[in-house]
Amino acid sequence: MVAPMISVTTMPVLPCLLPPHHQQDGGFKALAAFLWFWFLSCHINVCVCCQETLFPYIRDNVEQYLRAHWEEEECQRDVGLLRQQAQEDSGLDGAVPIPLESGSGDEELERVIRAVVDNVHWQMALDRKTTALKQLQGHMWRAAYATGLVKGEVFEDVVPAIRKWREAGMKVYIYSSGSVEAQKLLFGYSTEGDILELFDGHFDTKIGPKVESESYRRIAASIGCDTNNILFLTDVPREANAAEEADTHVAVVIRPGNAGLTDDEKSYYSLISSFTELFLPSST
C-alpha cells in the first residue's frame, strides 16, 4: 500500500520534531524530518482513501482505461514496463505473464489486454509496490483526478502542522511507494485544494524500497542532510526498522485504518496519532 513520508529540513539548525516524551536535552538537532505516507492517502489521510477509493478505482477501471488509451505512447510504455516486470516475476507462484502482440485483430488485442488486467489484479492482490504497477496507477489516477472522479483526502491536522513547520524554517519532503506523479496528483487535487507548495520534494521507489536502509541514505544524500538529522514518520514497522538501520530517527503514526501494532512495537517506537503531537522544542 502506501505510506507517506514527510521530510522537514530546518535551515540552519532547528531542533527535530519529536513527541514530547522522547525529547532529550532540548531535542535532537534536525536538518530534515520525513513523514512516510501510506501512499496516496498518506498519514495525511492514508489507508482509508487508498483502500476505499483509489485502489478499487484501479481494479474496476484498468480494463476500460487500457482499451481507451491502448494506442497512446504512454500507455504502451506502461504495458512494456509491466511486461518486463512480469518476466522478472516468472518464477513466482501465480505470476501472470504478459505476451507480446503476435498479430493484428481484435482477438489478439483482447488476449494481451486481458493478460495485462490479470497481471495488475494479481500484483494488487499481493499488495505489491513495483515501479511498473505504480506508474500505470499514477497515470490512471491522473485522468481520474483531472475529471474530478477522485480527490486526495487530507486529515485536518496535517496542513496547519506543516505550515507551522515551514514557518520555523523546515523543509518537507514526501517519500511514498506511490510514484512521484501520483503523489503530486494527490496533493494537487486534495480536499484542502492544491497543497503542493507545502512540499520541497518527492521520492518514490525509484530511490529504493522503503524496507531497505540504503534508500534512506540515498534520500539524505540527495537533499544534503545527514541521516541522523532526519525524522521519519511511518505506520509500518518494517520501514521504521529500515530507517533506524540508516541512523534515521523514527516515529510511528497511528491513524484510522492502519494495521495494528504488537505490544513490543508499541513500547519500542515513539507513537503519535496527530501531527499536532510533533512540536518544535526550544533550541539549545
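Even glycines carry a Cβ here, placed using N, Cα and C.
Annotations in TrEMBL come from automatic prediction, not curation.
Taken from TrEMBL, the feature substrate binding site covers SER176, SER177, LYS210. The 10 Å shell around the Cβ of LYS210 (substrate binding site) contains 26 further Cβ atoms across the protein chains shown. According to DSSP, LYS210 (substrate binding site) sits in a coil region rather than a helix or strand.
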Kindly assign SER176 (substrate binding site) to one of the three DSSP-derived states: helix, strand or coil.
coil
For substrate, whose listed binding residues are SER176, SER177, LYS210, the greatest C-alpha pairwise distance in Å:
8
